[in-house]
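Asks: I am attaching a structure below and will ask some questions about it afterwards.
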Amino acid sequence: MSLFQSSWTTLLANILIPVGILTFSSGFFPYKPLLPGLAAFDEADQDATSPIFDKVVFMVVDALRSLIRSGVALPFTAHASSPTVTMPRLKAMTTGSVPSFLDVILNIAESDTSSTLAFQDTWLAQLKARGDQLVMYGDDTWLKLFPGMFGRADGTTSFFVSDFVEVDQNVTRHVPTELAQDDWSAMIMHYLGLDHIGHKAGPRSSYMIPKQQEMDAIVNEVYSAIQQKPHLESTLFVLCGDHGMNDAGNHGGASAGETSPALLFISPKFEALGVRQESPVEAFDDLQYYRTVEQADITPTLAGLLGLPIPLNSLGVFIPEFLDLWESKSQRLQMLTRNARQLLNTVQATFPGFAFNQEAIAASCATGADSGIEGAQCAWSEVLRLSSGAITNDETSSALESSLLRFSRIAQDVMSSTASNYNISRLCLGLVITGIAALLVFPNTYYECARSTYTGVFLGFMIVGYGSMMFASSYVEEEQQFWYWICSGWMFYLHARSASPRTGSSRATGRLSRHGSKFAILGLAVAQRVIRRWNQTGQKFAAEPDIARTFFPAHPAVFWVSNTLLHEALHLFLMTQSRASNIPLFFVFRIAAMTLSSMNLSGIEVTITTLILQYTTFFAFGGSNAISSVDLSSAYNGVGSYSVVMVGILTFVSNWAGPIWWVSAGHLLRPQQGSEDHNAASLLTFHIATSLMSVMAACTALRTHLFIWTVFSPKYLYTMAWATANHVAVNLLGGAGLSFLRSRK
């Protein structure tokens, strides 16, 4: 194949890859259809349930696990479904719905307005429609979600994770003034300091306890005002976390620490319920301190307690512990009936082919279904049966309450687990476009591999193995094991190849002796072992001891030696963008690169070596296929204020520092330029296109899988980053820049 032909096919293939990603994403991450407008009371039940409270203080402590200490309160563990990042969690708590996974991306783009809830039904919109005033202080995500909603507001940037102090003081300074005001019905406070400490220093940081004590003081101040000020006597105080954090201080995934924030309802009125619970208590499961409710349950519960219609798209179930606040059993039944009918409307809009009248659902009950859409039909049949007769005694009333709650929970499960309305044609089109990109560079890749048979066989085995692995959730979660194994196998191959006699004058200079070859493979093996043990990642072994978290805290003096040896490193920027515990890895990289340079590798061997090491070092730095492994601690190095472009670039660099280093090292190892660079680009493009195809195919085939949103969707997002930012921007554009500089020597 001519150089010109291979160049244009490679260029076209790399244009098609982003096109394929956009096409597939538009079918995989669609915006879910929503019922328009605001909910309203039926004329028959408008005054059936009187409001228990006329004001609400809604305090969100970002990354809260459990801060329950004392007070008159009803505590819960709120289940925050994945993705556990702020924007989708706020959507869940205000609309009661299950947000789209695309909100993970929109959560980072702070200037984005496409995620606004201005035209969706929320309990805030219901308060506004009633003529009440709302105020907000803290995370400016609220201002983006609810433009024009607040009469008074003071937002703070949520991604400046280096700020532990001002970000919270900016909220607290408004608290005394607002508690003295009587013109608002909802005051929202969103504290970010706890989350920032987690990102920057981890959950066991020395900053954590003082920050928790600071939050306790705020809770005490608010509750004392509710007790003492007459205009606040009918105020509900809600303390909650939007998400938790994992053992590294990050969030976004589905671990127990990330999905189990605390939820606390506080009011002197709760004393009448006679509920007395111990606090603090031991967790009966992973971070499960009290009964677990869904975060979406906050929406109908607040709506009921404040006397508001339940938002149209809510999937929440009214928390039954609050039913006894209404003395009349008819009001309790009315509250549950309103909640059940609202969920029924949502189910019917989603499943128009299923009827919920008595005649049509008789068959569902005959099968004894207790889950799924058939289970919801059967549960509703029981509700109709019990409500058709007169409520004559407490036993009948209790039976109807139980039936209404049972239907509501089944309907919630059905709607929460329903697959998104995937656009199958776009999914297939994205696969086809990516497949065409792979086919365009296949001839040149095959030609290059044919020149080195064993190398080509190894590459083919790696691509097929990686593609097959994408169809198993457990292998996706533990992908680092694949790359560690592949890296070990490739190092053994390079040793076997370098130990065998090879002809040609190009091998005469700098060729290792047999003893030198043995030392080379020993050095590579030691380097690979150190890289592998540096950071334990994935799911199964994430909590196991590793070098970064076990050795260095016990031997901090080692950093002085490592930093001295690294003084002359060419990639100081990459080191400054990495966690301090990962800096010595660059010294290991230098040793590995020096060893590889003495082995006189061919062009294709250099390309495959650096490709494998890019993935290997990504996981060695602590990366994984979970959103929670994204490191934000270095995203603001040298940045004075928030900029989505600069923060995005620095976030990518800090998380892909290892792969970027090996892209640069690969150009130093490559024996010559020109056609070798074009062949390398074709091979890298073929690998990323086939990898992308595999992930797309897995997401399409397993779109109804239980772990589609917790395992496969995050993997697809990471693959997007590998294909666009790492492959196109670093491997191709960055590589082209390095080749140009080499040609100018």
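Glycine is no exception: its Cβ is also placed from the backbone N, Cα and C atoms.
Caution: TrEMBL annotation is automatic and unverified by curators.
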Asks: From the ranges 12-31, 52-71, pick the one that TrEMBL records as transmembrane segment.
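Replies: Within the set 12-31, 52-71, TrEMBL attaches transmembrane segment to 12-31.
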Asks: What range among 580-600, 601-621 does TrEMBL record as transmembrane segment?
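Replies: Transmembrane segment, as annotated by TrEMBL, spans 601-621.
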Asks: Among the recorded stretches 12-31, 424-442, 601-621, 684-708, which has the greatest number of Cβ pairs closer than 8 Å to the transmembrane segment (454-476)?
Replies: 684-708
Asks: Looking at 12-31, 424-442, 601-621, which one has the highest count of Cβ pairs under 8 angstroms to the transmembrane segment (684-708)?
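Replies: Against the transmembrane segment (684-708), the leading stretch is 424-442.
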Asks: What parts of the chain pack near the transmembrane segment (424-442), using Cβ distances under 8 Å and only residues at least 6 beyond its ends?
Replies: 9-10, 12-14, 16-17, 19-28, 682-683, 685-686, 689-690, 692-693, 696-697, 699-700
Asks: Can you tell me which parts of the same chain pack against the transmembrane segment (12-31), counting only residues 6+ beyond its ends and a CB-CB cutoff under 8 A?
Replies: 100-102, 420-427, 429-431, 433-434, 436-438, 440-441, 681, 685, 688-689, 692, 696, 699-700, 703, 713, 716, 720, 723-724, 727-728, 732
